[in-house]
Amino acid sequence: MYRFAPSPTGDMHIGNLRAAIFNYICSLQDKSGFILRIEDTDTARNIEGKDQEIIEILKRFGISWQSLYYQSKNLKFHQQFAAKLLSEKKAFCCFCSEEELEAKKQAAKDAGEAYRYDGHCEHLSDEEVLNCGKPFTIRLKKPDHALEFTDAIKGRIAFEPQNIDSFVIMRADKTPTYNFACACDDMMQGVSFVIRGEDHVSNTPKQNWIRQSLGYDGEIKYAHLPIILNSEGKKMSKREDSSSVKWLLQSGYLPEAIANYLILLGNKTPREVFSMDEAVEFFDIAKISKSPAKFDEDKLAFINREHIKRASKQRLAELFELEPKFAPLIKFYTQEASLIPRIKEKIAAIYGMKDIPQEWATQAQALREAILNLLSSNGASAEFNDFKAALSQATNLKGKSLFMPLRFLLTGAPHGPELSELYPLIRADLKEILDATK
Ligand code: GLU
């Protein structure tokens, strides 16, 4: 069983989407199932509506799940598991206040040492605990031995007990911390493989330790994905536009291209352009590079153009919100632009109202009439060369004096693709196109 466990605390980062896609693909490969778990227990950081946004984004990427959970619904189980650990003396109540702990952290910092919990409340008697009367957190006792696990990408990783520490599993307000809720839920939901970002590596021994302390012996495998760097080689921050999936979609990248690019990133694949279904055939999590991957927007733009060229008429109509008849023209304009709005602008310039510069107005008017005459007599020839010859004959225009006004008439722009290549794609619409001329 695989899962994707986003927190509804901000815009979905491409690193999160990459984890979602990888978990989903692996779940399709071994047919073990895929869970979407919204980790909403940190109520102070939750942002209203972000859960729905995440759900909508995943759907746009064609990702589906067998079950959807909200972690907060499991609160009573988290509390019961914490009570069990307390009664078995595997966990203890900690009455240290925030201020006291803060002061100790500061002292450690001043001494240039790493802060560790000093075990202050670990050995309180039951009586002292019962009579304390102060708010408390619950801490899990740290292990007395190193904890190891094998990461599918990074290999064997070991953590010394002091690096795990007696960490907090329940906050003073009786809500679980991330590590506790996550470890309990992965156990309860029968998760067997977790793929997530490498910022979680140090959480893994803690989560394993929680489940071991609860007596769970089901194995959970892990793969931690290297971070994604920006073009300057720095960690891609949440504030960078291109790190936000929503921003990429709004800019006009296709979901299939973004997914393709994220699968390609830091990976060895048999080819560069593929669909998610195709990736299910060859994807191997162990082939993901250990070193950070660099986000390259030019490469993403290339992949985007390739997916536009591959897309069906219906898919393009849906993505571009244009009639299916525009599909060939959309594909044609990938030679000029990569993003949906940029390509739409080119097409809108052909079919929209055109402003012909004064310099070419007379010639354009003559050509317009000549084309309309052709259309009402024999129709416009299939070959651009014949069409051009007929226009030249009717207007006596040639060379630049023919091409420039003709280009303005047909495309609304001074530059663009070869008219001879564009012509067959717009020939059927010449009347409509000419009607949109001032
Ligand atoms: N809610 C955590 C996050 O979004 C989940 C990490 C995990 O996959 O365990 O970072």
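Glycine is no exception: its Cβ is also placed from the backbone N, Cα and C atoms.
Because TrEMBL annotations are produced automatically, they should be read as predictions rather than curated entries.
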Candidate ranges 125-129, 235-239, 265-269, 355-359 [criterion: TrEMBL lists as motif ''KMSKS' region']:
235-239
Take the motif ''KMSKS' region' (235-239) and find every residue of the same chain, 6 or more past its ends, with a Cβ under 8 Å from one of its Cβ atoms.
10-11, 13-15, 227-229, 292, 295
Spatial neighbours of the motif ''HIGH' region' (6-16) far in sequence, C-beta under 8 Å, 6+ residues away:
38-40, 42, 45-47, 50-51, 53-54, 57, 197, 225, 227-228, 236, 238, 242-248, 258, 262, 295
Around the recorded Zn(2+) site, report the further residues of that chain (criterion: Cβ within 8 Å of the mean position of the Cβ atoms of Cys94, Cys96, Cys121, His123; site residues excluded), sequence-ordered.
Phe92, Cys93, Phe95, Gly119, His120, Glu122, Leu124, Arg139
Pairwise Cα distance for Cys96 (Zn(2+) binding site)/Lys238 (ATP binding site) [Å, integer]:
34
Let's see if you can do this one: DSSP helix, strand and coil counts over the motif ''KMSKS' region' (235-239), in that order.
0 helix, 1 strand, 4 coil
Number of Cβ atoms other than its own within 10 Å, given for Cys121 (Zn(2+) binding site):
19
Fewest neighbouring Cβ atoms within 10 Å: which of the binding-site residues Cys94, Cys96?
Cys96
